[in-house]
């Protein structure tokens, strides 16, 4: 089994609904996203998948968030998902899984870092 990881970043603001503290106020982060894919078959030149392909699909999702207020993005508006790192990790996982469904690899997990010291990771079916 092989595992690959790409890392990307974006800047955006959000506020947490229902939170009792400073994060209820509009504030920003430089988010770091880690995308993990895995598979057991390499292609004829020894690649699991071209990093460029994973980056391309990841960037299609990330551009929705870059320099935006996440609370105003469909899926995170009022009465939708609260824009927590946990919800962002699952949202990005589910959107990326759709975009990459035609590639013969498995999207393993997504980690979303809101600071150098705090991250949330989503992986399906209790697999780490």
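Including glycine, each Cβ sits where the backbone N, Cα and C put it.
Per TrEMBL, the features are as follows:
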- 23: active site, proton acceptor (ACT_SITE)
- 67: active site, charge relay system (ACT_SITE)
- 114: active site, charge relay system (ACT_SITE)
- 14, 27, 29: Zn(2+) binding site (BINDING)
Query raised in the report: Are there residues of the same chain, six or more positions away from residue 23 (active site, proton acceptor), whose CB falls under 8 angstroms from its CB, and which are they?
Result: 15, 16
Report summary line: argmin Cα dist to residue 114 (active site, charge relay system) over the recorded positions 27, 29, 67 returns 29
Report task. Around the recorded Zn(2+) site, report the further residues of that chain (criterion: Cβ within 8 Å of the mean position of the Cβ atoms of 14, 27, 29; site residues excluded), sequence-ordered. Result -> 12, 13, 15, 23, 26, 28, 70, 83, 114
Query raised in the report: About how far apart, in whole Å, are the alpha carbons (Cα) of residue 29 (Zn(2+) binding site) and residue 67 (active site, charge relay system)?
Result: 10
Query raised in the report: Helix, strand or coil: which one is residue 67 (active site, charge relay system) in, per DSSP?
Result: coil
Requested in this report: Pick out which of the recorded positions 14, 27, 29, 67 has the most other Cβ atoms within 10 Å of its own Cβ.
Outcome: 14
Report summary line: Rounded Cα distance, in Å, between residue 27 (Zn(2+) binding site) and residue 67 (active site, charge relay system) is 12
Requested in this report: In three-state terms from DSSP, label residue 23 (active site, proton acceptor) for me.
Outcome: helix
**Report entry** Neighbouring C-beta atoms (10 Å sphere around the C-beta of residue 114 (active site, charge relay system))
**Finding:** 19
